[in-house]
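Asks: Pulled these from TrEMBL:
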BINDING   His108, His110, His162  Fe cation binding site
Amino acid sequence: MSLVHSEENNNNGKVCEFAFYKHLGNKLPVVNTLDDLIRELRELFDSDKINVEYLNYLMKSYKSRPADWKKYAKFDRCRYTRNLVDRGNGKYNLMLLCWGEGHGSGIHDHADSHCFMKMLQGSLEEVKYAWPKCEGEELQEIARTKLELNDTCYINNSIGLHRVENSSNIDTAISLHLYCPPYDQCLVFNKNTAKTTVSTVTFHSMYGKRLKDNDKILAQPEDN
Ligand SMILES: N[C@@H](CS(=O)O)C(=O)O
Ligand SMILES: [Fe+2]
């Protein structure tokens, strides 16, 4: 499986409105519900070549409707949770991340995975960092983005590292993440020293069912 850009997309990696449209032969699917989105994603990933503009289009065109996803939205008091929605035939993981007030991730990479993200509720701040040149140096911030309802964003290791935070102390936030291929380990970085630790990521629930604590694998990235 590989991710490809539409040939017509010469807009420096930005999504070209017409690229996927031409790719589809002018037939755009209707994505009204989360089930529509899941169906269209599965169909897209049936192919060996995944058109990135089209995947972006699908993530953008779904408009969040809480009734669609509330069965997956399970929070923890202490940290953000990862809740599996669909395994996409082993080619990708689609999941809901539930962020309590003040919850955030540590600074991390995404292994060899492409990460597409969409806001379903509330807002989050994403801070991107450059890869450190050597251990011992402080990580350099390269971008800071506020993500509001229905916004989408994308990251992979060639773009850099990031951390995500719900900075509100009154509202929770929920985001939808697609990782292809799925990954279960990533690197977590200390902001001041760039020292890394390997972190195994896990699910809080799968298909709407909470996992017992002893079914969960090791730890999730630490905040720092
Ligand atoms: N990539 C993180 C969430 S985020 O901070 O982008 C995870 O899957 O746990
Ligand atoms: Fe991430």
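The backbone N, Cα and C atoms fix where each Cβ goes, and this holds for glycine too.
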Asks: Counting across all protein chains present, how many other Cβ atoms fall within 10 Å of the Cβ of His110 (Fe cation binding site)?
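Replies: That number is 17.
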Asks: Using the Cβ center of His108, His110, His162 as the Fe cation site position, which other residues in that chain lie within 8 Å, going by their Cβ?
Replies: Ser105, Ile107, Asp109, Cys115, Ile155, Leu161, Arg163, Cys186
